[in-house]
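What follows is a set of notes on a single structure, which appears directly below.
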Amino acid sequence: MNKKNQWIVGINAVVSSIENDAEHVREVLVEAASKNSRLLDIEENARRKGIEVRRVTTQALDGVGGGVRHQGVAARYAAVRLWEEHDLKDLVDAAGGQALLLVLDGVQDPHNLGACLRSAAAAGVTAVIIPKDKSVGINATVRKTSSGAADRLPVIAVVNLARSLRELQKQDVWIYGLAGEVETSLYALDLRGNVALVLGGEADGLRRLTREHCDVLARIPMPGEVESLNVSVAAGVTLFEAVRQRTLV
């Protein structure tokens with residue numbers, strides 16, 4: 001298990017981190033010259049929870065933001081676990097036959113990845129799996145877009161996605177891939193039990209080897225004239241169909 005300090009920037013991301021995971025927020029930086037009342041609320045909330053707050057210059061915030069629009073606030077987030085590929089088996093085992101995994105095969109846009117992670121956190125997924133290559137990693141933009149979910153979810157970057165899917169199948173995880181050209185509907189699938197939902201990248205969808213390692217390929221029915229959805233929208237639709245099935249009485 002590796003740990004390191006990381007910066008989260010933007011009002012929503014910082015608010016979410018303070019409210020949901022204050023024990024890992026080490027300090028909050030607030031732009032001294034700002035008149036934004038929301039920053040005052042953040043400062044008061046952070047102090048109530050025992051988090052150090054410092055008023056700093058815009059230039060200081062620019063430095064920790066790495067070019068991402070910080071909206072006058074940043075938080076230093078410490079002791080975030082960096083999940084490793086070998087952790088995946090333990091996570092699935094710990095889910096007790098109810099693992100829900102989101103697999104993103106080559107998502108390149110950090111805003112899309114962040115939005116997917118936010119939906120995944122809301123759906124209560126066990127872990128998110130991404131390839132180490134041909135995919136955006138966890139960066140400041142992803143953290144901001146995810147409203148802090150990127151640092152609370154197990155996000156596992158794997159060297160060989162096809163191999164990881166094979167290992168999941170050995171743990172009795174059903175692998176369902178989303179593809180627009182097939183006949184099987186998402187709503188015909190049984191998404192209870194151990195399930196991995198696999199979505200492709202923005203440009204090319206699922207890669208060939210990824211498709212070949214899916215147990216079933218399905219599509220999201222779209223009666224309108226648009227033939228595809230943004231990957232983050234598709235992830236939300238798919239995840240919450242699984243949630244619906246799992247929570248039916």
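The backbone N, Cα and C atoms fix where each Cβ goes, glycine too.
If you check Swiss-Prot, you get these features:
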| type | residues | note |
| --- | --- | --- |
| BINDING | Gly200, Ile220, Leu229 | S-adenosyl-L-methionine binding site |
Notebook entry, point to check: What is the number of other Cβ atoms found within 10 Å of the Cβ of Gly200 (S-adenosyl-L-methionine binding site)?
Noted result: 22
Margin query: With the S-adenosyl-L-methionine site defined by the record as Gly200, Ile220, Leu229, how many Å span the farthest pair of C-alpha atoms?
Written below: 13
Margin query: With every protein chain in view, what's the tally of Cβ atoms within 10 Å of the Cβ of Leu229 (S-adenosyl-L-methionine binding site), excluding that atom itself?
Written below: 17
